[in-house]
Amino acid sequence: MDWLRTKRIRAKKRKRNVKENGEVVLKELIECCDGKCNPIKNFSYDQIIKATNNFCQSNRASRIDVYYRCYKGMLDDRPVLIKKGKYTLDMKEICRDIAISSMVSGHKNFLKLLGCCLEFTPPVLVFEYAEVITLGPLLTSHPGYLRRIKIAREVANALTYLHTAFSRVFIHSNLDPFTIFLDGNGVAKLGNFCNCITIPEGETFVHDDTLQKYHELRHNTLKGTHGLGVCNLPVIDPDYKSTGKVTTKTDMHSFGGFMLALVQIREVDDELSLSSDMLRALADLFIKPYDDVRYVHFPLHHHVSKILRKFGYAEVVDSDMSEVAAWPIKAFLRLALRCIGCKLGDPLSSMIQVTKELRLIEKSAYYPSNNRSQMSSI
């Protein structure tokens, strides 16, 4: 009879979890969107266990995530991505992820939330399945430059939506290749809103210490990880580091670092003590200045600018791209540098402007004969 007693205790605990977790999710929904969001389906404990084969290792999705363990599964006869929160994730963060994911699920450039299971602690999230789990394998496979530009434009489109579609501004705050997914059609989708920060209506910034906590946790998660083929992003906005203010420029700065990751700037200068992936090393030096006191006051854009001046565009951009796409990729690289603070032309005012310029670059890439006239406007 002990097994029956244990079963009843576990069922009672799961019922309590639903009540407690549901209260936190509701609170986040009210705070983020005044309770107005897409319906959130509640999957049962048994459905999740069956879909993941009791979270079997063979069902694990191959990806690195600071906050989640990701599993492949089948629910309602469709493939899904099931994200189980780690215990480093507090309840408020995961419930914020649920709330904001539900708000943006109708947009094509966000990972679509199908539902969640509140019987677990922390809750389990169920998303549409992304066949290409992260950008890491993509970057190491050297995709064409048109595809890279398209991915950047789609991610910029998602950030623009976060910044402008609601009465309050939402700052993603932890953009990196590990928070971006690709579906079966190669469409980029932004996910993971655990650290999403809300700027109150009528304000342009907010003070927040979430970013510092996230980067410390991320550093510990990635420590000793090699061969990822991507830089150790996100890149912290220097204005945030000096003032603690989170603004739309916080996302713009991280997005610029992501753009540089897409062109895979590579090592050309041993004297700078860079790793095999130059941009990863640059980001490491910027994110973790305590590792090397020589770089404490040396922002990322100074590193990149110095390397470009010394070696030139063709020496630092992925060799598969440098010969076939000179005009659009140079414009792409220039825009990335402007996003991270380089003074190259007019300053960027918002992600709306970044998205518009990426559309021009993408158009010029598809119609090479118009490259020079298109690039002159950027």
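Every residue, even glycine, has its Cβ placed from backbone N, Cα and C.
Positions annotated as domain 'Protein kinase' by Swiss-Prot, on the basis of sequence analysis: 34-378. Summarising the annotation, Swiss-Prot assigns ATP binding site to ILE40, LYS41, ASN42, PHE43, SER44, TYR45, ASP46, GLN47, ILE48, LYS83 and lists sequence analysis as the type of evidence.
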I'd like to know which of these binding-site residues, ASN42, SER44, is least surrounded, judged by other CB atoms within 10 A.
SER44
Given the ATP binding site residues ILE40, LYS41, ASN42, PHE43, SER44, TYR45, ASP46, GLN47, ILE48, LYS83 in the record, what is the largest Cα to Cα distance, rounded to whole Å?
18
Tell me the Cβ neighbour count for ASP46 (ATP binding site), meaning other Cβ atoms within 10 Å of its Cβ, over all protein chains shown.
10
Comparing the binding-site residues ILE40, ILE48, which residue's C-beta has the most other C-beta atoms within 10 angstroms in this structure?
ILE48
